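Per TrEMBL, these features apply:
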{"type": "COILED", "residues": "270-305", "note": "coiled coil"}
{"type": "DOMAIN", "residues": "27-140", "note": "domain 'Ig-like'"}
{"type": "DOMAIN", "residues": "148-234", "note": "domain 'Ig-like'"}
{"type": "DOMAIN", "residues": "309-512", "note": "domain 'B30.2/SPRY'"}
{"type": "SIGNAL", "residues": "1-28", "note": "signal peptide"}
{"type": "TRANSMEM", "residues": "248-269", "note": "transmembrane segment"}
Amino acid sequence: MVGSLDFSLLRDLFSILLLQVSMWGSESFLVISPSEPIVAMLGTDTVLPCHVYPAMNVESMELRWFRSQFSEAVYVYKDGMEQAEEQLVDFKGRAELVKDYITEGRVAVRIYSLQISDNGMYKCFFKKDSDFEEATLELKVIGLGSGPHVFMVGPEDKGIRLTCTGKGWFPQPEIKWTDATGEKIPSLSEDETQDDDGLFQIEASLIVRDTSKTKVSCSMKNPFFGQEQVETISIPESFFPRTSPWKVAFAGTFFILGIFLGAVVFLAWKERQEKKRVQEIQEEKEKESEARESLEKELVRRKQLYQQDWKKANLYADWRKEQFKAVAVTLDPDSAHPNLIISENRKQVSLMENVPQNCDGSVYQGQEESEAVFSVLGQNYFHTGRHYWEVEVNIGTEAGPETKWAVGVCSDTVIRDKWFVECPEKNFWVIGYKKGEVKVPTFSKSLSLRQHPQRIGVFLDWEDGDVSFYNMVDGSHIYSFTGITSYGTLCPYFSLQGVGTSVTVCSTSDCTENCPDSSPNTSVTHLRSGDMGIPQEAKRLLPP
């Protein structure tokens, strides 16, 4: 007997069995609804049944049928009567409770005059005191519209165009074209629309070119209900377009003429493309020539600007300080001559008292006699970049003919024992003071300066091979060594001689704050920010 039951009945029996086990000795209940969709025709009446298990009187319960939301009530029964105020407007006057078997727990809601909007999911809700249960139902509203209607539109594209129409269907029907043998013919197009009531209107088209298909059928089938409606049309063979012999001849002639015209057009197009390609190549060459000339002009202009900028930088120390990195130079006691005194902070060097003035040392080129010079190196080493530092020289109040000093840079490979010469040929790039004059070791002639420098800026440009000296009091240029090559690593160099002579390395903060005016005279002039602090004499060098 169990084998004769369908699957849905077996599932319901199994659910009831489980509920009996779970509710043994309790007052709980289960709400049961149909497991299969309820199918009803559009415009007819239908019922949405639910019942409780175990069977009991549900007159005192709250019963509610609603859509997706609890508040979307289709029908509400509470306190033994209908609660119409909670009912959706669409169901007012169309829904009633069927309670013939309410004492047995079997009730239903009847909906009159079904509409397309009634299609979908529902829930029935039963509540007793604090216990409640609910079940889900599905209602499928079926609309079997009119049609199909098949008619011939007329000759089209070497065949006969047929159209199949239908309206008042829900849901959208399945459309199929077949010939007399039942073979399916694919549609040329299918268009569907829905009216205000939600019903579908269908129009499908087909072009029949095979003269053997004199009978064609169009069918429309509801996918849920399974009902199918068919209409067949017969097409007389005489209705099919016939090919005239003259048309064949004309077609051949026009085909050959088309090939000829196509060849002419292709040759003309190819010639035009070739001319266009030659013109583009010529224009490209002209553009390359113009770009090359423009690039050469730009390079010349930038070179001139660079030369002008560095000409200004050679004239004015504060301009160079923007391009160079201030270095905190410290003296290396291990490199100092025994007769020199290095301060604790390694920023100052001076001469011991009672030092004999004639001993091994170095000489300037062109000197007629040998005089001792005592030197020390900085602990900083440079092999790339732009760097600068400032030193203060003090020759004291008792300066004599033997007083002298020299500052600058030298290679870390120079030999400073016994006799040596402070000159570029020996990898020394320094300026020095002797007998009241500032000189360069490469020649004995004194430098023409407005005043003897007391605070000297040393600017080292390793990549460009340039070592320049500036008077940091008035910002004037003293001297520059240019074109320096093959010198390796460089380091600061200092030498001095004479009672009371000392050299002090300035701190980096002093270097930053010390921005001397670059005007030709020693007075200070501040320009507006738009001039970037450029002196009037330097502004004449700026490019337009």
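Any Cβ shown, glycine's included, is placed from N, Cα and C.
Assigned with DSSP, the residues of the domain 'Ig-like' (148-234) fall into helix, strand and coil as follows: 0 helix, 58 strand, 29 coil. Across the domain 'Ig-like' (27-140), the DSSP tally of helix, strand and coil residues reads 12 helix, 61 strand, 41 coil. Mean pLDDT, taken over the coiled coil (270-305), works out to 86 on the 0 to 100 scale.
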